[in-house]
Amino acid sequence: TMRQSTTHVRPRAAMQRQHASSSPFPIKVLILFIIATSSFSSFQFPLEVPTCNALTTATTRLKTTTWAEQPQHGLIHPSFSLSAKKQQIELERPTTASTKKKVRELQSLSNIRSTDTSAIKLNSDDDDDDSSLFGLSPSKLGAPLLLLLASQFILFIGVGAVIPTLPLYGKEVGLSAAASGIVVSTPAIAMFLLANWAGKNADKARKPAMIAGMAIIAASDFGTAVAPNLIFLLIARLGLGIGRAVSESGERGMLCDLASLVPELRGRALAAQQAVIALGIAIGAPLGGYVVEQYGVRASFLCVTAAALSAMVIYTFLDETVGKDVEGEINGSSEVELSNEEETANWAKLLSDDQWRGLSLCQCGASFGFAAKIATIPVLAASILPGGAVGAGALLSAAGLSGLIGAPIGGWLTDRAGPRVSASLAGLVSASSLILVPVAISPYLDLGTYDLAGGFNGSAAAFTALIIMWSIGASAQGPALTALAQELAPAGAEATAMALPRATGDGTYIVAPFILGLAADASAGVVPGAECAVAGTITLIGVIGLVLLSGLDNIGRVQPEAEA
(Lines of atoms letter the chains of each structure in order from A and count residues from 1; the text may use other names and numbers.)
(Lines give C-alpha, C1' and ligand atoms only; values in the text may rest on other atoms or scores of the structure.)
Protein backbone atom coordinates (compact mmCIF):
# COMPACT_ATOMS: atom_id res chain seq x y z
CA THR A 1 0.00 0.00 0.00
CA MET A 2 1.07 3.55 -0.62
CA ARG A 3 0.46 6.54 1.64
CA GLN A 4 0.88 9.98 0.24
CA SER A 5 3.44 12.23 1.98
CA THR A 6 1.85 15.11 3.78
CA THR A 7 3.12 17.80 6.09
CA HIS A 8 0.99 19.72 8.56
CA VAL A 9 1.65 22.83 10.55
CA ARG A 10 -0.56 23.27 13.56
CA PRO A 11 -1.49 26.88 14.07
CA ARG A 12 -1.12 28.43 17.45
CA ALA A 13 -3.44 30.83 19.23
CA ALA A 14 -3.01 34.46 18.25
CA MET A 15 -0.66 36.50 20.39
CA GLN A 16 -2.29 38.89 22.83
CA ARG A 17 -1.01 42.26 23.72
CA GLN A 18 0.09 43.10 27.22
CA HIS A 19 0.54 46.46 28.78
CA ALA A 20 3.72 47.10 30.71
CA SER A 21 3.00 48.97 33.90
CA SER A 22 5.28 51.79 34.82
CA SER A 23 6.96 51.78 38.21
CA PRO A 24 8.23 54.64 40.31
CA PHE A 25 11.56 55.94 39.10
CA PRO A 26 13.78 58.54 40.76
CA ILE A 27 15.28 59.92 37.60
CA LYS A 28 12.98 61.47 35.01
CA VAL A 29 14.74 60.15 31.95
CA LEU A 30 13.99 56.48 32.66
CA ILE A 31 10.22 56.91 32.88
CA LEU A 32 10.25 59.09 29.76
CA PHE A 33 12.18 56.42 27.92
CA ILE A 34 9.85 53.63 29.04
CA ILE A 35 6.81 55.64 27.89
CA ALA A 36 8.41 56.29 24.51
CA THR A 37 9.38 52.69 23.89
CA SER A 38 6.05 51.36 25.10
CA SER A 39 4.29 53.72 22.72
CA PHE A 40 6.41 52.39 19.88
CA SER A 41 5.58 48.77 20.59
CA SER A 42 1.89 49.60 20.94
CA PHE A 43 1.91 51.41 17.63
CA GLN A 44 3.65 48.63 15.77
CA PHE A 45 1.62 45.75 17.12
CA PRO A 46 -2.11 46.31 17.78
CA LEU A 47 -4.23 44.13 19.97
CA GLU A 48 -5.13 41.59 17.32
CA VAL A 49 -1.91 40.31 15.83
CA PRO A 50 -2.51 38.06 12.80
CA THR A 51 -1.47 34.49 13.29
CA CYS A 52 1.45 33.41 11.10
CA ASN A 53 0.99 29.65 10.93
CA ALA A 54 4.05 29.19 8.77
CA LEU A 55 6.30 30.59 11.44
CA THR A 56 4.84 29.21 14.66
CA THR A 57 7.61 26.68 14.73
CA ALA A 58 7.20 25.98 18.42
CA THR A 59 4.22 23.77 17.56
CA THR A 60 5.45 22.43 14.24
CA ARG A 61 5.59 18.68 13.72
CA LEU A 62 6.82 17.33 10.44
CA LYS A 63 5.19 13.91 9.94
CA THR A 64 5.86 12.41 6.55
CA THR A 65 4.82 8.86 5.77
CA THR A 66 6.97 6.67 3.55
CA TRP A 67 5.97 4.66 0.53
CA ALA A 68 6.09 0.93 0.93
CA GLU A 69 7.75 0.46 -2.42
CA GLN A 70 8.69 2.42 -5.52
CA PRO A 71 6.09 2.56 -8.30
CA GLN A 72 6.98 0.26 -11.15
CA HIS A 73 5.65 2.54 -13.87
CA GLY A 74 7.63 5.34 -15.44
CA LEU A 75 6.18 8.16 -13.33
CA ILE A 76 7.69 8.60 -9.85
CA HIS A 77 5.56 10.23 -7.18
CA PRO A 78 7.01 13.59 -6.00
CA SER A 79 7.28 12.36 -2.42
CA PHE A 80 9.29 9.29 -3.36
CA SER A 81 12.53 11.29 -3.49
CA LEU A 82 11.90 12.21 0.15
CA SER A 83 11.44 8.54 1.04
CA ALA A 84 14.61 7.63 -0.83
CA LYS A 85 16.52 10.26 1.14
CA LYS A 86 15.19 8.75 4.35
CA GLN A 87 16.39 5.28 3.40
CA GLN A 88 19.83 6.63 2.47
CA ILE A 89 20.12 8.38 5.83
CA GLU A 90 19.27 5.21 7.74
CA LEU A 91 21.92 3.29 5.78
CA GLU A 92 24.59 5.94 6.35
CA ARG A 93 24.10 6.55 10.09
CA PRO A 94 27.69 5.53 11.01
CA THR A 95 29.05 8.42 8.96
CA THR A 96 28.56 11.64 10.93
CA ALA A 97 29.25 14.09 8.10
CA SER A 98 27.06 12.29 5.57
CA THR A 99 24.21 11.99 8.09
CA LYS A 100 24.20 15.70 8.79
CA LYS A 101 24.27 16.45 5.09
CA LYS A 102 21.36 14.14 4.40
CA VAL A 103 19.37 15.65 7.27
CA ARG A 104 19.75 19.08 5.71
CA GLU A 105 18.74 17.72 2.31
CA LEU A 106 15.73 15.97 3.80
CA GLN A 107 14.62 19.13 5.57
CA SER A 108 15.07 21.22 2.44
CA LEU A 109 12.97 18.73 0.42
CA SER A 110 10.08 18.94 2.91
CA ASN A 111 7.49 21.53 1.81
CA ILE A 112 5.69 23.12 4.75
CA ARG A 113 1.97 23.45 4.18
CA SER A 114 -0.83 24.46 6.47
CA THR A 115 -4.24 22.82 6.66
CA ASP A 116 -5.70 26.15 7.77
CA THR A 117 -6.99 28.15 4.80
CA SER A 118 -5.70 31.31 6.45
CA ALA A 119 -2.17 29.94 6.72
CA ILE A 120 0.58 31.80 4.99
CA LYS A 121 2.40 29.81 2.33
CA LEU A 122 6.15 30.07 2.27
CA ASN A 123 6.52 30.06 -1.49
CA SER A 124 9.23 32.07 -3.20
CA ASP A 125 6.81 32.94 -6.00
CA ASP A 126 4.37 34.73 -3.68
CA ASP A 127 5.63 38.25 -4.26
CA ASP A 128 2.30 39.92 -4.64
CA ASP A 129 1.36 43.36 -3.47
CA ASP A 130 2.32 42.78 0.16
CA SER A 131 4.06 45.60 1.95
CA SER A 132 7.73 44.95 2.59
CA LEU A 133 10.33 45.59 5.25
CA PHE A 134 13.80 46.02 3.75
CA GLY A 135 12.62 43.96 0.77
CA LEU A 136 10.99 41.28 2.93
CA SER A 137 7.32 40.40 2.60
CA PRO A 138 5.46 40.10 5.92
CA SER A 139 3.43 37.29 4.35
CA LYS A 140 6.65 35.29 4.17
CA LEU A 141 8.22 36.15 7.47
CA GLY A 142 5.26 37.12 9.62
CA ALA A 143 4.88 38.58 13.06
CA PRO A 144 7.71 36.71 14.83
CA LEU A 145 10.43 38.42 12.80
CA LEU A 146 8.73 41.80 13.15
CA LEU A 147 8.55 41.39 16.93
CA LEU A 148 12.21 40.37 17.06
CA LEU A 149 13.24 43.38 14.98
CA ALA A 150 11.11 45.73 17.08
CA SER A 151 12.77 44.54 20.28
CA GLN A 152 16.22 44.97 18.72
CA PHE A 153 15.33 48.48 17.58
CA ILE A 154 14.24 49.54 21.07
CA LEU A 155 17.25 47.91 22.71
CA PHE A 156 19.75 49.65 20.47
CA ILE A 157 18.16 53.04 21.01
CA GLY A 158 19.35 52.59 24.58
CA VAL A 159 22.73 51.24 23.48
CA GLY A 160 23.15 54.18 21.11
CA ALA A 161 22.57 56.56 24.00
CA VAL A 162 25.60 55.07 25.79
CA ILE A 163 28.10 54.86 22.90
CA PRO A 164 29.02 58.58 22.70
CA THR A 165 29.31 58.83 26.49
CA LEU A 166 31.58 55.84 27.14
CA PRO A 167 34.81 57.88 26.80
CA LEU A 168 33.36 60.49 29.17
CA TYR A 169 32.29 58.01 31.83
CA GLY A 170 35.86 57.20 32.84
CA LYS A 171 36.55 60.87 33.50
CA GLU A 172 33.29 61.19 35.41
CA VAL A 173 34.35 58.51 37.91
CA GLY A 174 37.99 59.61 37.96
CA LEU A 175 39.57 56.75 36.00
CA SER A 176 42.78 56.95 34.02
CA ALA A 177 42.82 56.21 30.30
CA ALA A 178 44.17 52.71 30.92
CA ALA A 179 41.52 51.98 33.56
CA SER A 180 38.82 53.26 31.22
CA GLY A 181 40.04 50.82 28.58
CA ILE A 182 39.72 47.97 31.06
CA VAL A 183 36.15 49.01 31.88
CA VAL A 184 35.26 49.11 28.17
CA SER A 185 36.75 45.64 27.57
CA THR A 186 35.29 43.94 30.65
CA PRO A 187 31.96 42.88 29.04
CA ALA A 188 33.88 41.32 26.14
CA ILE A 189 35.82 39.14 28.59
CA ALA A 190 32.61 37.67 30.02
CA MET A 191 31.12 37.22 26.56
CA PHE A 192 34.24 35.42 25.34
CA LEU A 193 34.33 33.04 28.30
CA LEU A 194 30.61 32.22 28.23
CA ALA A 195 29.97 32.11 24.48
CA ASN A 196 30.16 28.32 24.13
CA TRP A 197 28.07 27.63 27.24
CA ALA A 198 25.48 30.23 26.26
CA GLY A 199 25.24 28.82 22.74
CA LYS A 200 24.63 25.28 23.98
CA ASN A 201 21.87 26.49 26.30
CA ALA A 202 20.29 28.53 23.52
CA ASP A 203 20.20 25.40 21.35
CA LYS A 204 17.93 23.84 24.00
CA ALA A 205 15.55 26.83 24.11
CA ARG A 206 15.84 30.28 22.54
CA LYS A 207 13.17 32.26 24.36
CA PRO A 208 14.26 31.70 28.00
CA ALA A 209 17.82 32.69 27.10
CA MET A 210 16.63 35.90 25.45
CA ILE A 211 14.40 36.91 28.36
CA ALA A 212 16.93 36.05 31.07
CA GLY A 213 19.70 37.84 29.19
CA MET A 214 17.66 41.03 28.91
CA ALA A 215 16.92 40.95 32.64
CA ILE A 216 20.64 40.64 33.43
CA ILE A 217 21.49 43.47 31.03
CA ALA A 218 18.91 45.75 32.64
CA ALA A 219 20.25 45.05 36.13
CA SER A 220 23.88 45.43 35.05
CA ASP A 221 23.42 48.80 33.38
CA PHE A 222 21.52 50.04 36.40
CA GLY A 223 24.48 48.90 38.50
CA THR A 224 26.83 50.78 36.18
CA ALA A 225 24.81 53.95 36.65
CA VAL A 226 24.99 53.80 40.45
CA ALA A 227 28.46 52.22 40.85
CA PRO A 228 30.24 53.92 43.80
CA ASN A 229 33.73 52.61 43.02
CA LEU A 230 35.84 50.77 40.44
CA ILE A 231 35.27 47.30 41.93
CA PHE A 232 31.50 47.63 41.85
CA LEU A 233 31.75 49.07 38.34
CA LEU A 234 33.77 46.10 37.06
CA ILE A 235 31.26 43.68 38.59
CA ALA A 236 28.43 45.50 36.83
CA ARG A 237 30.27 45.43 33.50
CA LEU A 238 30.95 41.71 33.88
CA GLY A 239 27.24 41.25 34.47
CA LEU A 240 26.57 43.11 31.23
CA GLY A 241 28.82 40.69 29.38
CA ILE A 242 27.01 37.72 30.92
CA GLY A 243 23.63 39.12 29.92
CA ARG A 244 24.76 39.83 26.38
CA ALA A 245 26.28 36.37 25.97
CA VAL A 246 23.04 34.70 27.06
CA SER A 247 20.59 36.93 25.18
CA GLU A 248 22.54 37.25 21.94
CA SER A 249 22.95 33.48 21.66
CA GLY A 250 19.19 33.09 21.80
CA GLU A 251 18.60 35.99 19.42
CA ARG A 252 21.05 34.67 16.83
CA GLY A 253 19.52 31.21 17.09
CA MET A 254 15.96 32.46 16.69
CA LEU A 255 16.90 34.69 13.77
CA CYS A 256 18.60 31.68 12.19
CA ASP A 257 15.45 29.59 12.68
CA LEU A 258 13.21 32.21 11.11
CA ALA A 259 15.55 32.98 8.22
CA SER A 260 15.90 29.27 7.43
CA LEU A 261 12.18 29.07 6.68
CA VAL A 262 12.73 31.25 3.62
CA PRO A 263 16.29 30.45 2.47
CA GLU A 264 16.08 32.62 -0.64
CA LEU A 265 15.56 35.66 1.62
CA ARG A 266 18.09 34.71 4.29
CA GLY A 267 20.50 37.54 3.50
CA ARG A 268 17.78 40.17 3.54
CA ALA A 269 16.33 38.84 6.79
CA LEU A 270 19.73 39.13 8.46
CA ALA A 271 20.25 42.54 6.86
CA ALA A 272 16.95 43.75 8.31
CA GLN A 273 18.30 43.10 11.80
CA GLN A 274 21.48 45.03 11.01
CA ALA A 275 19.43 47.90 9.61
CA VAL A 276 17.15 48.28 12.63
CA ILE A 277 20.21 48.11 14.90
CA ALA A 278 21.84 50.90 12.91
CA LEU A 279 18.65 52.97 13.03
CA GLY A 280 18.32 52.44 16.77
CA ILE A 281 21.90 53.58 17.39
CA ALA A 282 21.41 56.60 15.14
CA ILE A 283 18.37 57.66 17.16
CA GLY A 284 19.95 56.80 20.49
CA ALA A 285 23.19 58.75 19.99
CA PRO A 286 21.62 62.23 20.06
CA LEU A 287 19.25 61.07 22.79
CA GLY A 288 22.27 60.10 24.85
CA GLY A 289 23.81 63.53 24.34
CA TYR A 290 20.64 65.20 25.55
CA VAL A 291 20.41 62.91 28.60
CA VAL A 292 24.04 63.63 29.52
CA GLU A 293 23.47 67.38 29.29
CA GLN A 294 20.31 67.25 31.39
CA TYR A 295 21.07 64.55 33.95
CA GLY A 296 24.77 63.66 33.75
CA VAL A 297 26.84 60.86 32.25
CA ARG A 298 25.54 58.12 34.55
CA ALA A 299 21.95 58.68 33.48
CA SER A 300 22.68 57.46 29.95
CA PHE A 301 23.10 53.90 31.26
CA LEU A 302 19.56 54.04 32.60
CA CYS A 303 18.42 54.33 28.98
CA VAL A 304 19.85 50.86 28.37
CA THR A 305 18.06 49.57 31.47
CA ALA A 306 14.73 50.87 30.20
CA ALA A 307 15.36 49.57 26.68
CA ALA A 308 16.34 46.11 27.93
CA LEU A 309 13.20 45.86 30.07
CA SER A 310 11.07 46.87 27.08
CA ALA A 311 12.77 44.27 24.86
CA MET A 312 12.25 41.63 27.55
CA VAL A 313 8.51 42.34 27.55
CA ILE A 314 8.35 42.03 23.75
CA TYR A 315 10.24 38.73 23.89
CA THR A 316 7.42 37.23 25.95
CA PHE A 317 5.15 37.48 22.88
CA LEU A 318 7.49 35.35 20.75
CA ASP A 319 6.97 31.63 20.27
CA GLU A 320 9.75 29.16 21.00
CA THR A 321 11.44 27.88 17.84
CA VAL A 322 13.26 24.83 19.24
CA GLY A 323 12.35 22.02 21.61
CA LYS A 324 10.64 18.69 21.60
CA ASP A 325 7.61 20.09 19.76
CA VAL A 326 9.78 21.18 16.87
CA GLU A 327 11.90 18.03 16.84
CA GLY A 328 8.94 16.21 15.33
CA GLU A 329 9.02 12.96 13.48
CA ILE A 330 10.09 12.83 9.86
CA ASN A 331 8.84 10.13 7.49
CA GLY A 332 6.35 8.38 9.71
CA SER A 333 7.42 6.52 12.80
CA SER A 334 11.10 6.43 11.83
CA GLU A 335 12.85 9.46 13.28
CA VAL A 336 16.07 10.90 11.98
CA GLU A 337 18.03 11.53 15.15
CA LEU A 338 21.55 12.72 15.67
CA SER A 339 23.63 11.38 18.50
CA ASN A 340 24.72 13.65 21.32
CA GLU A 341 28.16 13.84 19.77
CA GLU A 342 26.69 14.87 16.44
CA GLU A 343 24.36 17.45 17.97
CA THR A 344 27.13 19.18 19.84
CA ALA A 345 29.04 21.79 17.86
CA ASN A 346 32.57 21.22 19.12
CA TRP A 347 34.53 24.39 18.47
CA ALA A 348 37.82 22.50 18.11
CA LYS A 349 36.28 20.37 15.37
CA LEU A 350 34.79 23.42 13.68
CA LEU A 351 38.14 25.18 13.65
CA SER A 352 39.71 22.18 11.94
CA ASP A 353 37.71 23.27 8.89
CA ASP A 354 39.35 25.95 6.74
CA GLN A 355 36.00 27.68 6.16
CA TRP A 356 35.40 28.17 9.89
CA ARG A 357 38.97 29.40 10.33
CA GLY A 358 38.53 31.90 7.52
CA LEU A 359 35.22 33.09 8.95
CA SER A 360 36.69 33.51 12.44
CA LEU A 361 39.72 35.39 11.11
CA CYS A 362 37.49 37.76 9.15
CA GLN A 363 35.37 38.38 12.25
CA CYS A 364 38.51 39.23 14.22
CA GLY A 365 39.47 41.80 11.62
CA ALA A 366 36.00 43.34 11.64
CA SER A 367 36.15 43.63 15.44
CA PHE A 368 39.17 45.91 15.18
CA GLY A 369 37.07 48.32 13.14
CA PHE A 370 34.33 48.39 15.76
CA ALA A 371 36.94 48.85 18.49
CA ALA A 372 38.21 51.89 16.60
CA LYS A 373 34.65 53.22 16.45
CA ILE A 374 34.39 53.14 20.23
CA ALA A 375 37.95 53.90 21.36
CA THR A 376 39.54 56.20 18.78
CA ILE A 377 37.11 57.64 16.24
CA PRO A 378 35.18 59.74 18.82
CA VAL A 379 38.46 61.24 20.07
CA LEU A 380 39.63 62.08 16.55
CA ALA A 381 36.23 63.46 15.59
CA ALA A 382 36.11 65.73 18.64
CA SER A 383 39.47 67.26 17.65
CA ILE A 384 38.74 67.56 13.92
CA LEU A 385 35.05 68.32 13.52
CA PRO A 386 33.44 71.62 14.47
CA GLY A 387 31.57 71.46 17.76
CA GLY A 388 33.94 69.06 19.50
CA ALA A 389 31.97 66.39 21.34
CA VAL A 390 28.74 67.51 19.67
CA GLY A 391 30.33 67.04 16.27
CA ALA A 392 31.60 63.61 17.29
CA GLY A 393 28.12 62.59 18.38
CA ALA A 394 26.67 63.84 15.10
CA LEU A 395 29.23 61.79 13.15
CA LEU A 396 28.39 58.63 15.09
CA SER A 397 24.71 59.24 14.45
CA ALA A 398 25.36 59.71 10.72
CA ALA A 399 27.45 56.54 10.70
CA GLY A 400 24.57 54.70 12.33
CA LEU A 401 22.13 55.96 9.71
CA SER A 402 24.49 54.85 6.96
CA GLY A 403 23.89 51.32 8.17
CA LEU A 404 20.41 51.64 6.66
CA ILE A 405 22.21 51.76 3.31
CA GLY A 406 24.90 49.17 3.92
CA ALA A 407 22.79 46.44 5.56
CA PRO A 408 20.23 46.07 2.72
CA ILE A 409 23.05 46.13 0.17
CA GLY A 410 24.88 43.41 2.07
CA GLY A 411 21.74 41.30 2.39
CA TRP A 412 20.87 41.67 -1.29
CA LEU A 413 24.40 40.81 -2.39
CA THR A 414 24.46 37.81 -0.04
CA ASP A 415 21.27 36.43 -1.61
CA ARG A 416 22.57 37.05 -5.13
CA ALA A 417 26.31 36.28 -5.05
CA GLY A 418 26.73 34.37 -1.80
CA PRO A 419 28.02 35.28 1.67
CA ARG A 420 31.72 34.87 0.82
CA VAL A 421 31.65 37.35 -2.04
CA SER A 422 29.50 39.80 -0.08
CA ALA A 423 31.70 39.63 3.04
CA SER A 424 34.88 40.06 1.01
CA LEU A 425 33.70 43.07 -0.99
CA ALA A 426 32.20 44.80 2.05
CA GLY A 427 35.37 44.11 4.04
CA LEU A 428 37.50 45.73 1.33
CA VAL A 429 35.36 48.87 1.50
CA SER A 430 35.53 49.16 5.29
CA ALA A 431 39.26 48.32 5.47
CA SER A 432 40.31 50.81 2.79
CA SER A 433 38.23 53.55 4.42
CA LEU A 434 40.04 53.20 7.75
CA ILE A 435 43.45 52.90 6.11
CA LEU A 436 42.92 56.26 4.36
CA VAL A 437 42.02 58.16 7.57
CA PRO A 438 45.62 59.31 8.28
CA VAL A 439 45.81 60.64 4.73
CA ALA A 440 42.59 62.63 5.12
CA ILE A 441 43.65 64.35 8.36
CA SER A 442 47.38 64.58 7.66
CA PRO A 443 48.90 67.98 8.52
CA TYR A 444 51.20 67.55 5.53
CA LEU A 445 48.35 67.33 3.02
CA ASP A 446 46.28 70.44 2.37
CA LEU A 447 42.72 69.52 1.47
CA GLY A 448 41.50 73.09 1.78
CA THR A 449 41.21 75.51 4.64
CA TYR A 450 37.98 77.06 3.42
CA ASP A 451 34.78 76.51 5.38
CA LEU A 452 32.31 74.24 3.66
CA ALA A 453 29.59 74.64 6.28
CA GLY A 454 29.79 75.75 9.87
CA GLY A 455 33.57 75.40 10.11
CA PHE A 456 33.73 72.20 8.04
CA ASN A 457 37.04 72.27 6.15
CA GLY A 458 38.42 69.83 3.60
CA SER A 459 40.07 67.53 6.13
CA ALA A 460 36.93 67.34 8.26
CA ALA A 461 34.82 66.56 5.21
CA ALA A 462 37.21 63.83 4.02
CA PHE A 463 37.38 62.31 7.51
CA THR A 464 33.58 62.28 7.78
CA ALA A 465 33.20 60.67 4.35
CA LEU A 466 35.69 57.91 5.19
CA ILE A 467 34.02 57.08 8.51
CA ILE A 468 30.62 56.87 6.83
CA MET A 469 32.07 54.65 4.09
CA TRP A 470 33.56 52.41 6.77
CA SER A 471 30.16 52.18 8.46
CA ILE A 472 28.46 51.25 5.18
CA GLY A 473 31.02 48.52 4.52
CA ALA A 474 30.88 47.17 8.08
CA SER A 475 27.08 47.07 8.13
CA ALA A 476 27.06 45.29 4.75
CA GLN A 477 29.60 42.74 5.95
CA GLY A 478 27.62 41.80 9.06
CA PRO A 479 24.72 39.96 7.34
CA ALA A 480 27.16 38.15 5.06
CA LEU A 481 29.27 36.81 7.93
CA THR A 482 26.15 35.75 9.84
CA ALA A 483 24.72 34.04 6.75
CA LEU A 484 27.98 32.18 6.19
CA ALA A 485 28.03 30.99 9.81
CA GLN A 486 24.42 29.86 9.47
CA GLU A 487 25.25 28.01 6.25
CA LEU A 488 28.18 26.18 7.85
CA ALA A 489 26.49 25.45 11.21
CA PRO A 490 25.77 21.77 11.95
CA ALA A 491 22.11 20.82 12.21
CA GLY A 492 20.73 20.95 15.74
CA ALA A 493 23.54 23.09 17.14
CA GLU A 494 23.16 26.32 15.22
CA ALA A 495 23.39 28.68 18.20
CA THR A 496 26.52 26.97 19.54
CA ALA A 497 28.25 27.02 16.17
CA MET A 498 27.24 30.61 15.39
CA ALA A 499 28.63 31.66 18.76
CA LEU A 500 32.14 30.71 17.57
CA PRO A 501 32.75 33.70 15.25
CA ARG A 502 31.13 35.96 17.82
CA ALA A 503 33.45 34.60 20.51
CA THR A 504 36.50 35.22 18.33
CA GLY A 505 35.29 38.77 17.81
CA ASP A 506 34.75 39.26 21.54
CA GLY A 507 38.18 37.84 22.28
CA THR A 508 39.66 40.29 19.80
CA TYR A 509 37.73 43.14 21.33
CA ILE A 510 39.40 42.46 24.68
CA VAL A 511 42.83 43.41 23.32
CA ALA A 512 41.91 45.63 20.35
CA PRO A 513 41.38 48.89 22.31
CA PHE A 514 44.72 48.41 24.05
CA ILE A 515 46.56 47.76 20.75
CA LEU A 516 44.93 50.76 19.09
CA GLY A 517 45.80 52.87 22.12
CA LEU A 518 49.46 51.88 21.80
CA ALA A 519 49.37 52.85 18.12
CA ALA A 520 47.80 56.21 18.98
CA ASP A 521 50.41 56.94 21.66
CA ALA A 522 53.30 55.94 19.38
CA SER A 523 52.10 58.12 16.50
CA ALA A 524 50.87 61.11 18.53
CA GLY A 525 51.86 64.36 16.84
CA VAL A 526 53.50 62.52 13.93
CA VAL A 527 50.81 60.55 12.09
CA PRO A 528 47.34 61.52 13.36
CA GLY A 529 44.84 58.73 12.90
CA ALA A 530 47.47 55.99 12.63
CA GLU A 531 45.39 53.81 14.94
CA CYS A 532 42.58 53.83 12.37
CA ALA A 533 45.04 52.67 9.71
CA VAL A 534 46.12 49.84 12.02
CA ALA A 535 42.49 48.78 12.47
CA GLY A 536 41.92 48.96 8.71
CA THR A 537 45.02 46.89 7.98
CA ILE A 538 43.93 44.14 10.37
CA THR A 539 40.46 44.22 8.82
CA LEU A 540 42.07 43.73 5.41
CA ILE A 541 44.11 40.79 6.73
CA GLY A 542 40.85 39.21 7.91
CA VAL A 543 39.31 39.59 4.45
CA ILE A 544 42.36 38.03 2.81
CA GLY A 545 42.19 35.16 5.29
CA LEU A 546 38.53 34.57 4.44
CA VAL A 547 39.28 34.43 0.71
CA LEU A 548 42.31 32.16 1.06
CA LEU A 549 40.78 29.75 3.57
CA SER A 550 37.13 29.75 2.56
CA GLY A 551 37.49 30.62 -1.10
CA LEU A 552 35.09 32.28 -3.49
CA ASP A 553 34.31 29.22 -5.59
CA ASN A 554 31.60 27.96 -3.22
CA ILE A 555 29.25 30.85 -3.86
CA GLY A 556 25.67 31.15 -2.65
CA ARG A 557 23.46 28.77 -0.77
CA VAL A 558 24.14 25.05 -0.60
CA GLN A 559 21.57 23.30 -2.75
CA PRO A 560 20.46 19.68 -2.29
CA GLU A 561 21.83 17.19 -4.77
CA ALA A 562 19.64 16.50 -7.75
CA GLU A 563 17.73 13.28 -7.74
CA ALA A 564 18.81 10.71 -10.29
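Positions of Cβ are set from backbone N, Cα and C atoms, glycine also.
TrEMBL lists 144-554 with the feature domain 'Major facilitator superfamily (MFS) profile'.
The transmembrane segment annotation in TrEMBL covers 141-163 (among others).
Per TrEMBL, transmembrane segment is recorded for 175-197 (among others).
Look at TrEMBL and you will find 209-235 (among others) tagged as transmembrane segment.
Here TrEMBL flags 271-292 (among others) as transmembrane segment.
Here TrEMBL flags 299-318 (among others) as transmembrane segment.
Summarising the annotation, TrEMBL assigns transmembrane segment to 389-413 (among others).
If you look up TrEMBL, you'll see 425-444 (among others) marked as transmembrane segment. Remote same-chain partners of the transmembrane segment (425-444), defined as residues 6 or more beyond its termini with a Cβ less than 8 Å from a stretch Cβ, comprise 362, 365-366, 369, 372, 380, 384, 406, 410, 413, 459, 462-463, 465-467, 469-474, 476-477, 480, 527-530, 532-533, 535-537, 539-540, 542-543, 546.
Below 8 angstroms of C-beta separation, residues 274-275, 278, 366, 369-370, 377, 380-381, 384-386, 395, 398-400, 402-403, 405-407, 409-410, 413, 422, 425-431, 433-434, 436-437, 440-441, 446-450, 529, 536 of the same chain, each at least six residues beyond the ends of the transmembrane segment (456-476), sit close to that stretch. For 456-476 (among others), the entry in TrEMBL reads transmembrane segment.
Feature annotation from TrEMBL assigns transmembrane segment to 508-527 (among others).
Residues annotated as transmembrane segment in TrEMBL: 533-552 (among others).
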Contacting positions for the transmembrane segment (389-413) when only residues 6+ beyond its ends and CB under 8 Å are counted
134-135, 160, 163-164, 168, 267-272, 274-275, 277-282, 285-286, 288-289, 373, 377-379, 381-382, 421-422, 425-426, 464, 467-468, 470-480
Please give the average pLDDT for the domain 'Major facilitator superfamily (MFS) profile' (144-554) in this predicted model.
82
Counting Cβ pairs closer than 8 Å to the transmembrane segment (209-235), the top stretch among 271-292, 299-318, 533-552 is 299-318
